[in-house]
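**Q** First the structure, then my questions, so here it is.
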Amino acid sequence: MPRPSTLITAILFLLAAGILAWMLLGPEDDAAPSGRPGGGETRPVAVAIAGIETRDLVERRRFTGSIEGADRIEITPRVGGRVAEVFVNLGDRVEPGDPLLQLDTEEFEQDVAQAAAELEVAEASLAEALASRDATRRELQRTRELRDQGIASRSELEAAETELALAQTRVTLAESQIRQRRSALRTREIQLSYTRIEAGTADSTRWVAERHVDPGTVISANDTALALVRLQPVRAILAVTEADYGRLSPSQGAQVYTAAYPDAGFAGTIARIAPEFRPGSRQARVEVEIPNERDQLRPGMFVEAAITLGERNAVLAIPRDAIIQREVGPTLFSVDRSGERPQARRHQAVTGVRDGDWVELLEPELPEGTEVVVLGQHLLADGTPLRLTDPRNVPGGDDTPESDTP
């Protein structure tokens, strides 16, 4: 029976011999990358292809944002008091002229009654002053006649004239008090009218966004009781980076989508573009106006807006997957069938408008119908033989790399 040390020595010897043989013979040919020199004949690379087509392309960019109402108003009473009734609730539709809020009127009605009584007193005082002035005027006339007859003295005439002037002053004062009391009454009546708040008759349809009071609540003047928003139109507020800012302009069309209505798109138009970028985010505010005729979009909704950035008609286009990134820049491979077997031809590419899975091909100038590789090109070099196959059979066909560095 061999000793343990002899057995271990034999195992180590066999292992060393195997490693040496592998180093001398090298790896099998199948381990070499497909389509690249591996010490033998270059094997064809399985690829999928598509043809260059003439297409109409529309490039759209998607931006995220949120909805704001066309405008928002806060309902604040002009006078304070106890809330007697609230006619609307959260989410209610408000038409022009609809009642919104009613304050208790008891104290205001009392103020109106008091002001009316004070006006009556002032009117009575005026009547008294007018009667006194008329009597004084008649007395002055009689004194003048007596003076002409030599019966009344000059001092009596002067006293009568002074009394008439005083009577006229009392009339003027009474008339001023009348105007003052009328103004006070009008003020009290206006304050009474302020206890009932209604939607403006010249306004448009609005919705109740907030309600802060209930019957019995004591509210001060200028405290917010309700908030109303207008939903026609609404605005989608987007944040745009510098890369896209220069390609946007007012009147550009947009299609707005929201999770609340996944099967519907809402047409809108860029209305305003901010002239500055926020320092923190380096983004600019862009407002897309949407008619919202059915009041479906509501303030605060998260939305995604697709904006058309470019449109080209009848241009040569290739599948987007045909372009890969290499050190020299965007690259594509066309199929050369001039030899015994198809070969790859490498081109530096310049692209234009992108529309979904298609992109405008500006350079190289390849004719329509030219076959280009859309799958498997990460294994190619110029002149690599090709084996055209179903995309599902191409290595890496389910996950084509976006870049490939030779």
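Positions of Cβ are set from backbone N, Cα and C atoms, glycine also.
As annotated in TrEMBL:
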- 105-177: coiled coil (COILED)
- 73-229: domain 'Multidrug resistance protein MdtA-like barrel-sandwich hybrid' (DOMAIN)
- 119-195: domain 'Multidrug resistance protein MdtA-like alpha-helical hairpin' (DOMAIN)
- 238-307: domain 'CusB-like beta-barrel' (DOMAIN)
- 384-406: region 'Disordered' (REGION)
**Q** With DSSP, how much of the domain 'CusB-like beta-barrel' (238-307) is helix, how much strand and how much coil, in residues?
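**A** Split by secondary structure, the domain 'CusB-like beta-barrel' (238-307) comes out as 4 helix, 30 strand, 36 coil.
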**Q** Under the DSSP assignment, what numbers of helix, strand and coil residues are found in the domain 'Multidrug resistance protein MdtA-like alpha-helical hairpin' (119-195)?
**A** 70 helix, 0 strand, 7 coil
**Q** Which whole number is the mean pLDDT over the coiled coil (105-177)?
**A** 90
